[in-house]
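Taken verbatim from TrEMBL:
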ACT_SITE  E489  active site, proton donor
BINDING   W362, D363, K593, Q594  substrate binding site
DOMAIN    16-271  domain 'Glycoside hydrolase family 65 N-terminal'
DOMAIN    328-680  domain 'Glycoside hydrolase family 65 central catalytic'
DOMAIN    690-751  domain 'Glycoside hydrolase family 65 C-terminal'
REGION    753-782  region 'Disordered'
Amino acid sequence: MISQSAYAVEPWTLRESELNLDVLPQSESVFALSNGHIGWRGNLDEGEPHGLPGSYLNGVHELHPLPYAEAGYGYPESGQTVINVTNGKVMRLLVNDEPFDVRYGKLRSHERVLDLRTGLLRRVCEWSSPAGCTVRVTSTRLVSFAQRAIAAVAYEVEPLDSDVRIVVQSELVANEQLPRKSGGDPRVAAALENVLIPEEHFADDMRLRLVHRTERSGLRVGSAADHVVHGPGTTATSSESGQNVARLTVTSELRRGERLRVEKLVSYGWSGVRSLPAVRDQVDAALAGARTKGWQGLVEQQREYLDGFWARADVEVDGDAEIQQAVRFALFHVLQAGARAEKRAIPAKGLTGSGYDGHTFWDGESFVLPVLTYTSPDSVAEALRWRQETLPAARDRARQLGLRGAAFPWRTIDGSECSAYWPAGTAAFHVNADIADAVVRYVAATGDEEFERETGVEILVETARLWHSLGHHDHHGTFHFDGVTGPDEYSAVADDNLYTNMMAQLNLRAAADVVERHTGQAAALGVDDEEAAAWRDAAEAVAIPFNADLGVHEQSAGFTGHQMWDFAATRPDQYPLLLNFPYFDLYRKQVIKQADLVLALYKRGDAFDLEQKARNFAYYERMTVRDSSLSACCQAVIAAEVGHLQLAYDYVGEAVLMDLADLESNTVDGLHIASLAGAWIALVAGFGGMRLRRGTLDFSPTLPEQLSRLAFVVQVRGRRLRVEITDSSVTYTLLEGSPLELCHCEEPFTLTSSAPQTRRLRPQPHRPEPEQPQGRRPVRRH
Ligand code: BGC
């Protein structure tokens, strides 16, 4: 666990003032830098000690067989695992004759600062070697938002007490040894070793290059580095390369007051089709592009990119400095995960670790894209274009399952299904509606018609076809989806999961609407009036399970009749339940891993009135154990809507601190990107009460008493809107763009850039606070 005091509470930075090796693995995730294309974990410059060395390229993976004790038809045969590619971060240092290693000698001070405005990770440390020679090492690292193939390090050494002989080895290292996998936690990645087959190595003067390929997935990965060295006259350089390492060695005699500075630019490139010369040229060209800017130019570009982002996306919180810091940290990592992913997936851990094998799930479309839609919309279009590109695999999967349209994978890197556990994977068809929902939201929030025509129609049509073939009308005409798995993974293969049904309904309606707007595209996809009418019929007849005796909706048909889980007999150390109880038992009882029906209350809020939301929320709250980090943020949103402000505030705290406090003890494997996105959702959709209704943003703001102000900026239809909530009122300001139609508590109004508008907050209903399962109440935030 990361202790509360690990990072100083500051509004724009994450500062670690001492090096605690016990939480080094976690801090490597927290300090990871990424642009969505390249990911560098926050490993120490010298490479060791480390928790998990990690350099990732979005999409670069290796295949491995998925063994089954009992095979079955349609089981995916091949697994995919993200691989640790060539490490370009490494800067080894020799001080006189001793390697700089924080485990030896004396570490006098050590500070790392992640600056959320500049996008730089800076480390300053003072170290005395076992022989007593003291040096100050300063390193600054970035992964460029502006140049997606580029990362860079500036590394400086200065002696503090006596003259010193310094050797810096700046390296590209492939096939690093990985720590052994421990325990049976299915969320941890399969460790694949020596997966990079050397193809070419090169070193000349300041330039280094390595090219490797993977055996099964057939990907070619190149990396190159170039350097600028500043040092006194005694400074000399040499370079060499071998199959798995290329190295620039810099030697220097430093007197007190002198410094050695090595600036290292690193480029990466990969391809499944390009030849060795082409990949070599690609990384050399990327490096040439970065050289024209140089280190300082890259630093300036980084700042410029982030200034633009924060102007569109910042969230200000008064009254809780910890949440203020954490929500900016969360937004920064969400941006890092998606900014330059460009037609690649956004993995559940971003590129911060190898957890979940680097797979992408529904997390992207359901949690991350909703945030990026209002803060960085271009990256949403790119992420959805990736889904479109994977449609051939999704169509094949649907055929294999005996269905029409396209069945997108539950977990994947390259677009094909690699979930080996079908009840949680294949049966979780809701991912298809989540993708459709992301398309609908993006188009409504941006008005991007070209995207709708070129990408949206095809995704909506193919997913609607899937739903229509998956469901059936019963003899009353009601449309059912039997045997599906909803978001809650403590239930599986159930009939009429309410979330799935309602999201499928949304998908079917949206497809029927879109084919009316884009008749040419629809005809090209073979959609006729009859097919679209059948989608509408199915949508209007979708089964919505409801228990009239209890007055609550059912998570799935018959769910409320199941035996209640014995929470009193469940010890705290038996959570997460999935590691301590058989799925067989979890599936047949009322116990919920993560918001499922409660998520439907948010995503399909139009289908419930406030009283229904309050009753449903209270009912499901009693059995939701939050063994998934995707839960707290959803609970925060509905708790805020139905008036449980303290509880909503507690859940905001949980979502936002998931990784900074390592609440699930697995931050080592990478950050929980969806939970971090959820921190924004909890504040903006929760306390901001923001909903998109028929293309118009509607706000019903409210604040818990601990917060005196919440302000956020969102982008909508090319405008920039600022919403500022205080304890009694809300002010809407149009920062940029033409007049905008908005709603405040469902009352429409027009906002112009010349006149901000202020409204009173809605009064809060008083309701008794619902209970959580024994021992699972969120930490009360004061
Ligand atoms: C959750 C899934 C989620 C996955 C990746 C699981 O624990 O139950 O909903 O997609 O983690 O974050």
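Cβ coordinates come from backbone N, Cα and C, glycine included.
Each residue in the region 'Disordered' (753-782) gets a DSSP state, and the totals come to 0 helix, 5 strand, 25 coil. Annotation for the recorded positions D363, E489: lowest Cβ count within 10 Å of the residue's own Cβ, E489. Annotation for K593 (substrate binding site): spatial neighbours D488, E489, Y490, P576, L577, L578, L586, T624, V625, R626, D627, S628, S631, criterion Cβ-Cβ under 8 Å with sequence separation of six or more. Counting only same-chain residues at least 6 apart in sequence, those with a Cβ under 8 Å from the Cβ of Q594 (substrate binding site) are P487, D488, E489, T624, R626, D627, S628, L630, S631, C634. Close to W362 (substrate binding site) in the fold, though at least 6 residues off in sequence, lie W410, A428, H430, V431, D434, I435, P487, each with a CB less than 8 Å from its CB. Look at the domain 'Glycoside hydrolase family 65 C-terminal' (690-751): DSSP puts its residues at 0 helix, 41 strand, 21 coil.
For the recorded site, W362 (substrate binding site), the DSSP three-state label reads coil.
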